[in-house]
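**Q** According to TrEMBL, the record shows the following:
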TRANSMEM  A:38-59  transmembrane segment
TRANSMEM  A:71-93  transmembrane segment
TRANSMEM  A:113-135  transmembrane segment
TRANSMEM  A:142-161  transmembrane segment
TRANSMEM  A:188-210  transmembrane segment
TRANSMEM  A:231-253  transmembrane segment
TRANSMEM  A:265-284  transmembrane segment
TRANSMEM  A:291-310  transmembrane segment
TRANSMEM  A:316-335  transmembrane segment
Amino acid sequence: MSQDTSLRPSEKIAAPSDSGRVGVLTNVWRASGKTTGVLAGLILLVIYLSITQPIFMTWGNITNIVASNSVVLVLAVGATFVIISGGLDLSTASAAAVTGMSYGMLLQHGMSAWVAVAGALAVGLLLGIVNGVLISYVKISFLVVTLGTLSIFESAALVMSQGKTINVFSLEGFQPIYNLVNGKVAGIPYLLIFDVLLVVAAALVLRYTTFGRGVYALGSNREAARLNGINVARTTLSVFLIAGLAAAVASLIQVGRLTGASPGIDSTLLLTVVAAVLIGGTAYTGGDGGVGGTVLGVLFLGVIQNGLTLSDVSTFWRGTVNGVVLIVAVALGVARDRGWLRFNRGKTPASS
Amino acid sequence: MNASAAPLVEVRGVSKRYPGVLALDNASLAVSPGEIVALTGENGSGKSTLSKIIGGAEQPDGGVVLVDGAETVIANPATALKLGIVMISQELTLAPQLTVAENVFMGRLPRRGRVIDWATVRRRAREELAALDVHVDVNARVGDLSVELQQEVEIARAVSSKARLLILDEATSSLSEHATERLLELVREQAKRGVAVLMISHRMPELYSTAGRAAVLRDGKMVGTVPLPSTPESQLVRMMVGRELNDYYGSRDCVPGDVVLQVRDLASADGALAPTSFEVRSGEIVGIAGLVGSGKAQLGMALGGAIAATGDVRVNGSPVTLGDPRRALGAGIGLVPDDRKRAALLPTRSVAHNMTLTWLPKLSKFGVVPTRTEKRRVKEAIAEYGVKTSSPAKLITQLSGGNQQKAILGRIFALDCPVYVLSEPTRGVDVGSKSQIYALLQKLTESGAAVVIISSELPELIGLADRVLVCFQGAVHGEVSGEQLQEEVLNAIAVSGHVHSEEPS
Ligand SMILES: Nc1ncnc2c1ncn2[C@@H]1O[C@H](COP(=O)(O)OP(=O)(O)O)[C@@H](O)[C@H]1O
Ligand SMILES: [Mg+2]
């Protein structure tokens with residue numbers, strides 16, 4: 001043999017000797033869907049909190065969780081469309097500040113309730129068009145565009161009111177929104193009903209419309225989508241329009257809850273929104289995921305927040321918790337997709 | 001030759017189960033130093049799975065792997081690499097954003113002290129590539145190279161890492177004939193030096209000219225091993241598909257009708273294709289031959305609206321707006337691009353959603369997809385186009401390459417277009433499925449479609465086409481039909497632009 005064996009190490013390769021057998025646990029893990037992990041985590045969390053915090057499982061606390069997470073949910077539903085299509089909208093929280101201010105100012109100028117609401121929605125669409133046109137027709141990267149508009153919208157909100165908060169509580173046109181956001185029917189908050197309708201509608205659009213299919217196709221493989229007749233530019237524009245509209249709706253809920261339009265932006269809002277989408281199993285690379293997962297992601301983060309509050313943990317920890325959960329959740333998803341984790345390896349190779 | 005020596009790598013009774021399929025069922029195989037073994041079988045028979053197990057990318061559910069006669073667990077590709085097992089597949093593993101030199105030495109960059117010695121990296125990469133007769137700038141970004149050159153760089157990396165076992169999993173499927181020949185020459189050279197080779201290819205001539213033995217997998221089971229080239233091709237094919245396969249290319253019973261596709265002065269905006277004119281009649285198959293870089297690929301892309309182009313293209317007399325795939329589809333030109341991974345697959349979606357992607361406008365009502373109809377249509381198409389999948393909901397990337405291709409072809413064939421433009425339609429597809437695809441093409445043509453096939457496999461063009469246009473240096477340099485339709489003639493035009501009358505042979 002003239003084989004050069006110099007490369008072959010003399011000692012045995014340090015590979016695990018417990019080869020082969022794949023156990024039930026490994027199969028369950030590999031076959032688990034994108035949302036199984038977060039769902040399991042959520043259930044465990046709920047069980048833990050129900051035992052340790054007696055107040056947790058009360059209807060009052062549950063409606064509180066719904067109320068305090070609706071803004072994130074609405075933004076996250078919009079962000080789900082953008083992320084599935086392969087993009088990202090960093091400007092979403094800033095856009096919500098602008099639409100909230102627009103609503104507040106329209107009310108302040110004596111506009112009727114519905115004109116103010118329509119105005120806010122129109123401004124949301126406009127902001128979506130700005131993002132969408134720059135990205136899909138001028139063909140600038142979505143990161144560059146939305147990073148730019150994040151800053152522009154943020155300062156625009158400040159300029160609009162010279163940095164002041166508009167108190168809308170006493171304004172007559174505010175009443176309908178206030179009632180909708182804070183009201184109940186038969187003990188069920190309108191907001192909860194709205195959230196459910198919104199999520200169902202978004203899920204149906206993604207799953208059963210040609211537009212939804214196009215959004216997935218775009219995020220999966222742009223070139224393949226283009227060659228198979230998907231209108232890439234129009235679909236991209238549409239997802240940013242949806243994100244803009246979501247920002248407007250979220251801001252109405254926010255103003256309704258706070259009874260004031262504030263130009264300031266909660267600095268953790270953007271992260272929470274994107275984190276909720278990704279924790280919910282939507283791929284950050286696009287082409288996979290859905291609003292069902294996003295709901296779980298929002299709930300997971302929301303319940304953790306609620307748990308921390310009930311346990312009297314300082315709200316300063318909020319960002320840390322969100323960040324850790326995000327990284328762990330996405331890392332677990334990656335590990336599953338690449339088949340990294342294997343459980344219960346047998347000591348002897350299975351004989352077949 | 002050392003074929004009788006102790007096997008370098010042996011697998012004994014390995015099994016591998018994926019959800020819904022038993023990809024390998026108690027399969028055994030041994031490869032000795034200096035031996036070239038062809039691993040054959042239909043798409044989905046488990047060839048890639050077996051090579052992945054040997055290459056450490058997958059773990060068997062049962063059975064053992066022996067290296068140098070000792071039971072070894074090849075836990076991951078890095079372990080395999082340390083053992084001298086190098087895998088080259090059609091899915092390139094190079095880092096597109098790094099340079100050629102960096103890629104050749106990836107994972108083992110020569111260092112001087114603690115810093116990487118870039119001068120040496122470049123010099124040695126240049127030497128390695130020159131030794132293999134690969135002419136490429138070592139400072140070029142790999143992503144900017146053609147698929148062919150990328151494949152050659154990949155091979156240079158394998159060779160320079162001193163492989164003891166080379167696994168070629170359809171490594172030639174994206175290469176031109178010329179590049180393939182060079183690769184095979186290289187492989188034979190390595191085998192002479194004692195390297196063991198396990199090669200997978202669906203091109204029979206390659207196997208017969210290179211391998212000394214063929215192992216045949218069918219449905220995950222090892223059906224047997226036969227010596228090459230002494231075993232007749234028909235016998236090998238029968239072992240693979242489990243039945244007799246005659247009338248390979250099929251035939252069609254129709255006379256070309258009216259002109260359907262009219263192309264006048266079609267040129268690509270990037271200059272790779274000079275103005276070209278031709279016509280295709282209904283019921284006619286026109287082949288396009290040519291080397292890589294001859295413009296034949298651009299011709300297909302331009303017709304399908306995939307790239308910017310100028311000229312005048314008409315379908316049944318009405319002009320087609322160029323440079324817009326949606327308009328081309330609307331006008332009735334169905335394009336299957338040659339680069340499946342880059343331009344055809346939705347890797348994160350199911351087989352069903354990959355197939356219906358192109359049907360959405362026709363399938364949907366008021367923008368809503370009727371899922372019942374959709375499910376039915378997908379089921380029908382899967383049956384009609386012979387896509388082997390355990391479920392339509394399976395991720396398309398979990399199918400074997402040939403079945404992915406059948407799904408991609410199926411979604412275009414189901415459109416009932418007057419014109420089909422198919423670029424390398426049978427790339428990476430096994431003999432049995434090829435024959436099926438040819439039969440589908442014949443049927444499509446019989447029903448009145450005008451078909452343009454761009455292919456680097458000349459036998460395929462000769463077997464299917466009424467006439468073949470040959471591209472040379474960005475322009476069509478000849479049209480061959482009838483008696484003249486022979487490999488020698490097509491080759492002559494492809495390499496020189498005209499037919500030699502006194503070619504030395
Ligand atoms: N990651 C995977 N998940 C599920 N099924 C798979 C996966 N990889 C391969 N398979 C299935 O295993 C079988 C064998 O596939 P493969 O080894 O790729 O075939 P070949 O290379 O011979 O064409 C096919 O039925 C294929 O669909
Ligand atoms: Mg394969």
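Glycine residues also receive a Cβ, built from the backbone N, Cα and C atoms like all the rest.
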**Q** With pairs fewer than 6 apart in sequence excluded, do the transmembrane segment (A:316-335) and the transmembrane segment (A:265-284) have three or more C-beta pairs that lie under 8 Å?
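**A** Checked: the transmembrane segment (A:265-284) vs the transmembrane segment (A:316-335), in contact.
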**Q** Is the transmembrane segment (A:71-93) packed against any residues at least 6 beyond its ends, judged by a Cβ distance under 8 Å, and which are they?
**A** 127, 131, 135, 142-143, 146-147, 149-150, 152-153, 195, 198-199, 202, 206, 215-216, 218-220, 222, 235-236, 239-240, 242-247, 249-250, 253-254, 257, 265-266, 269-270, 272-274, 276-278, 280, 282-291, 294-295, 297-298, 301-302
**Q** So if I exclude everything within five residues of the ends of the transmembrane segment (A:142-161), which remaining residues of that chain have a CB under 8 angstroms from its CBs? That is, six or more out.
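**A** For the transmembrane segment (A:142-161), the far contacts come to 82, 87-91, 93-95, 97-98, 100-102, 104-105, 127, 130-131, 134-135, 261, 263, 265, 270.
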**Q** For the transmembrane segment (A:231-253), which partner among A:113-135, A:188-210, A:291-310, A:316-335 gives the most CB pairs under 8 Å?
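**A** Most contacts with the transmembrane segment (A:231-253): A:113-135.
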**Q** Which range wins on Cβ pairs under 8 Å with the transmembrane segment (A:188-210): A:113-135, A:291-310, A:316-335?
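**A** Between the stretches A:113-135, A:291-310, A:316-335, A:291-310 has the largest tally.
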**Q** For the transmembrane segment (A:316-335), give me same-chain residues lying six or more residues beyond its boundaries with a C-beta closer than 8 angstroms to one of its C-beta atoms, as numbers and ranges.
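**A** Long-range Cβ neighbours of the transmembrane segment (A:316-335): 34, 37-38, 41, 268, 271-272, 275, 278-279, 281, 284, 297, 300-301, 304-305, 308, 341.
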